[in-house]
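Enquirer: Take this structure, written in structure tokens, and hold onto it; I'll ask about it next.
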Amino acid sequence: MRKLFFCGVLALAVAFALPVVAAPKAPADGLKMEATKQPVVFNHSTHKSVKCGDCHHPVNGKEDYRKCGTAGCHDSMDKKDKSAKGYYHVMHDKNTKFKSCVGCHVEVAGADAAKKKDLTGCKKSKCHE
């Protein structure tokens, strides 16, 4: 009976630990995105409460996380490009299938004016330098 109990506890421990071990390692902080007029320094550690899939989307049905501006993804740097290829659009549009940076920040800031300025402002915000 003890062996069976021990095996059950061990199986549960492995089952709960597996997703943590299998999760992709986030890139180092200080990722500088310079495709916009005002560069953004992105820190994954600041966003650790957000699931990878909340920002990154599957590529060919796989969770193949890549940089947003990777060739074939959001590689159109034309600010007026409102398609899914438009880099500016996917970062700033509040109504995309996957949450944009600004869309998520608006939600997080809520009605707090100071947070709104910090998280959604173009100049002197916590995003743009």
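Glycine is no exception: its Cβ is also placed from the backbone N, Cα and C atoms.
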Enquirer: Swiss-Prot has Cys101, Cys104, His105 binding heme c 3. Which one of His47, His56 is in the same site?
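Expert: Same heme c 3 site in Swiss-Prot: His47.
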Enquirer: An 8 Å radius from the center of the His44, Cys52, Cys55, His56 Cβ atoms defines the neighbourhood of the heme c 1 site; name the other residues of that chain inside it, in order.
Expert: Ala26, His47, Val50, Lys51, Gly53, Asp54, Tyr65
Enquirer: So which one is it: of the binding-site residues Cys101, Cys122, which has the fewest other Cβ atoms within 10 Å?
Expert: Cys122
Enquirer: What residues, ordered by sequence, lie under 8 A Cβ-to-Cβ from His47 (heme c 3 binding site) and sit at least six positions away in the same chain?
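Expert: The answer is Cys55.
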Enquirer: Mind telling me which of the binding-site residues His44, His56, His92, His105, His128 has the densest Cβ neighbourhood, counting other Cβ atoms within 10 Å?
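Expert: When each Cβ's neighbours within 10 Å are tallied, His105 tops the list.
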